[in-house]
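Features as listed in TrEMBL:
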DOMAIN    386-459  domain 'PAS'
DOMAIN    464-516  domain 'PAC'
DOMAIN    517-590  domain 'PAS'
DOMAIN    592-647  domain 'PAC'
DOMAIN    660-882  domain 'Histidine kinase'
DOMAIN    904-1018  domain 'Response regulatory'
MOD_RES   Asp953  4-aspartylphosphate
TRANSMEM  12-31  transmembrane segment
TRANSMEM  306-325  transmembrane segment
Amino acid sequence: MKIKLSLRQIWTFIVLVAVIVPVVIVMVWYGSTLYKHELKSALKIERMANEHLKNLIESEIRRFKTLLRNRSDPLSFLASTPDNPENIKQISSLMELVIERESAVHGIMLLSMQGEVIAAIDPGLNYSGNKILSEEEKSTVLKHWGFENVKELPEFVIPSLGRTYISSLMHHPDETVFKIAVSVGMPVIGVLILELGVEEFLLLDKRHKYSEHGLGSEVTRDYILDRRGVLITGIEGSEKKHGELMTYIPIVRTALIGAEWPTDISYIGVTDQPVYGTLTNIPSLNWTLVSEVIESNIINPIWKSLLELFLVTLVAMVIFIWLIMRLVKTTLVPIQHAREAIDHVARGDYDYKLEPTGVHELDDMIYRITNMTKARQVAEISLQESEQDLLITLNSIGDAVIACDANGFVTRMNPVAERLTGWSITGAYGRFIKSIFSIVNETTREPIDNPVDKVLTTGETVHLSDHTTLISKDGSEYQIADSAAPIRNENGKILGMVLVFNDVTEQYKLRKSSVESEERFSQLAENVNEVFWIGSPDWHKVFYISPAYEKVWGQSAEGLYQNPRLWLEAVYPEDRDQVIADIPQDINNIGEYVEFKNYRIQTKDGKILWIKARAYPIHDQDGKVVRIAGIAEDITEQVGMEESLRRSQKMDALGKLTGGIAHDYNNMLGVVLGYAELLEGALIDQPKLAGYVSRINKAGMRGAKLTKKLLSFSRQKNIDAQCVDINELLNDMQHMLEKTLTVRVKLKFDLQGDLWPVWLSSDDMEDVVLNVTINAMHAIEGNGVLTIQSNNEYVNSVDAKLVGLQNEGEYVRLSISDTGCGMDEVTKEKIFDPFFTTKGEKGTGLGLSQVYGFVSQNKGAIKVYTELGNGTKFVFYFPRYQESDNKKIIIEKIKESESRGNETILVVDDEVSLLELSCEMLSMKNYKVFSAENAKQALEILQTEHVDLMLSDVIMPEMNGFELAEIVQKKYPDIKIQLASGFTDKRNSDDVDATLQSELLRKPFNSQNLLQKIRSLLDSKKISVKRNTGKLSVEKDHFKSVEWNEQLSVGLPQIDNDHKKLFSLFNRCAEAMESCRLDEKKSRSVLDELVEYTEHHCKREEELMKVCGYPGMSQHQKIHQELLEDIKQQIVLFDNEELTEDELLIFLSDWLVGHIMHEDKAMAAYFEGKENKLNQILDNEIK
């Protein structure tokens, strides 16, 4: 909040600031300057005193050196004959004289060059002059001086070289000493050593300092340090003693590193007071002199000076302020009276009088206020008359009017505004306009910015939108149209705002109803995939086209509005005439609608789409057609599905026909091949006859291969699929293809390197290439070129639908193109139909049918591009084959299974010769065999005999193999069942265990295939879970490897990925158990993860079984439940150490591989044709 001050207060504040601030500034400046001067002066005096003391110490050191050298001259003469007692006494007398004259000398000693004591004076040992020391006394004095090894001491070695030596300090409990040693004689014949006490040595110098230069001990503290920061002398006023380490003081640490100490920085000194310090080095002794000036001794005198200055200034300031305040009072009283007069005029009291003051300027102000009062009185009378006229005019206006001032407060309202807002002028006057004019958006019900802000800020006229709703005081709502404009004076200044609005509620309701109708139509037209259009009755203009047109036609709607013929120009040329013919000539007699025959269009990017269209007439009140509305729908996918269904039905019919023939043919071939194999083994000693049998066997195998090709029409899964490199296959076929094409047709290869592998039958792939190549050769008249190209390609979801693929993804693209005669559309639509041929009697019409069947089996697609006279191109798409990335854990086999056995097997087959052959093959391997020619005989045998396994044909009279198997499974659940057939379809297996269908033994088979299948099935029962104990019983001696391969695929990538994840978890379990002693927690964690993921996977499978209508769903669910219970039981046993790691791994791997190969593979057959729906369910689950 803004603080309001009187003029008196302002003047008082100004005077105080003008007087006090300068005084404070001057005092601060003066005190700071005085402090710096005093500090600088004190430190300067200390530095001078310290320099003087340093010079005195240096001078004393030089004096002692000179003293010793002077003494050494007579001593050298006397010491030259150390054996003379008189000489020794004279030496002792001279040394005694030194001690008497120099109080700082504690002892003196003369050593010979052999390190022996010649003479010594040591008051501490009471060794005085005129005394000749005995050997024992000499030894004592050496020990007292610390000279055990004299010849190694610097006090002896350095002087013996002719140089003077000053020793380091030695700290004793009661004193600190140092030594000076000089050589005696030239050449040197001895060493003279003087021991000095530091306290006595420095005492004289300090007295010199304080008496001549220093500030005195009450102001400063001085102390000396050696080169290690150790205190040499005591400190007055401090408990510090010599020998103490002083490095905790900042200035001491600075001295030790040889740096300069800034004199303007204070610190806590030796007396624990703030001080300023200086450093002075004494080079000859390597000592440092520290002087500390106590800060308080500098500041106290300064405060006294400042106090005197302050008192003088304060007296002057009081006098000055009193004079100023007298002047302010004389000036402000007339101004106060003038203010009161203006207040009276503002209230309409024009009788207040002002008296002159005698001050010219103030009297002039009073005169002007009096004239202003008279003018104001005249203007107010005139304004009242004008106000009355304005009020009459405002109340006569039919629209609502509200006026406000420049701050947005209401000043006027007419009766219409009062009615619409619900406020009277009495209640609204002086209120902020936003509080009485409340408006919201009719559509969003959000408040609308009131126009007052923009008008008063920018001066612009503002119009509200058509969706503005006024909410009155009682809650009533009105749709209004309004404008707000600024009120300006003659200078253009904004004085306020006038708001004019009227009630348009009825008009708004009518307009809203119309808009809602248009929006419903627009939403309907713009959110459907069909193209909706409205045009003129003569079909020459387009009034509306929905957004779907741009998606389907691939053209802009704007272009169609400008040129309606673009619609017809996009129609495929061969269908254009038909579309024109379907347009009615008499538009008034077309009935309810016009149905166009389905036609094709070609988009800008070259795609061909099928369109289904209708047109409807729109009549006016007189029944005349005024508009044509139509719907066009893209039915390309529907046409493709219908064509695929038609072709699939033909292939299924052909498959049933050829499959029936193949069944009988396979039975005959089975007998021929089986007995040929037995005969070949029996004639091993007769090569010639064995060779005949071998040729029979090879001819039979060629026959079996032929029946396999016939079975390709039935669209059964390719059982000979393998990983194939198409480039390698084409390169191997190149020579054969060149011979097939002859020299008139040139063969060109354009093969991409690093081509992805595919999973299919290489023999069937060769037949595909050869079939298409031969057809191309027949289509080329004269010379021509056949080009075969291969490349990797990622097909997106849109292109996948166009070429007929079930899913988007990575594919190998193989194209075979020729320069032949090409085909028309009619021929192109029939080329894959069975028995359709353009070669007359020369062709069978089965070649391309086989090609179509092969590609469909391998989840690929074919796209044919051809134009009459311009050649043909066949484009094949095969899904990329990717090996599992899972680490393969192969558990070493303990013992390989053998084909021999001693179990009992029941063989059932209505073909007697094949029945006898199968029994013979099994009997030769020590199996006990029963035979039956039909299901009835088989059931009779089972009632009386124990059987381990039943081998049965599928297609038999009265009761087929699947029906027989269902009965046996219910009555004899322990009997293993193996079915065999040369051909089956789903009619025979819809209601039984689908595992039998997936594990079918294909005819014709040889003894190796039969025996291996039988042995494998019999061995599979030797791992079981005993329900009564939950303990795993390992009865078999071998173990299959646990690894992922394409044969385990069920045809859905998401389920295959689930299986791969389970394999990976099993592998991690195996690794963790291998090192479980090191990390048992990791092993248990992976087992828990395996159980959790298995439960998740089972739920996904059951959802898919439900969607695809799998008949064995209830049985499969039961297997899942039992499986999860078994896994958890085995893990509990493993945790309790009742089950070994190997036993648990065998159990886990057996159910993992076995469940996929038997139960899941059987379920996969029902996924065919439902992949898109299943993928959509799985994708939604992931999202």
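Here the Cβ of each residue, glycine as well, is placed from N, Cα and C on the backbone.
For the transmembrane segment (12-31), same-chain residues at least 6 beyond its ends with a Cβ under 8 Å from one of its own Cβ atoms are 5, 302, 306, 309-310, 313, 317, 320-321, 324-325, 328. Sorting the domain 'PAS' (517-590) by DSSP state (H, G, I as helix; E, B as strand; all else coil) yields 40 helix, 10 strand, 24 coil. Residue environment of Asp953 (4-aspartylphosphate) contains 27 other Cβ atoms, counted within 10 Å of its Cβ in all protein chains.
Broken down with DSSP, the domain 'PAC' (464-516) shows 12 helix, 26 strand, 15 coil. Across the domain 'Response regulatory' (904-1018), the DSSP tally of helix, strand and coil residues reads 53 helix, 23 strand, 39 coil. Note on the domain 'PAC' (464-516): mean pLDDT across this stretch is 84. The helix, strand and coil residue counts that DSSP assigns across the domain 'PAS' (386-459) are 33 helix, 17 strand, 24 coil.
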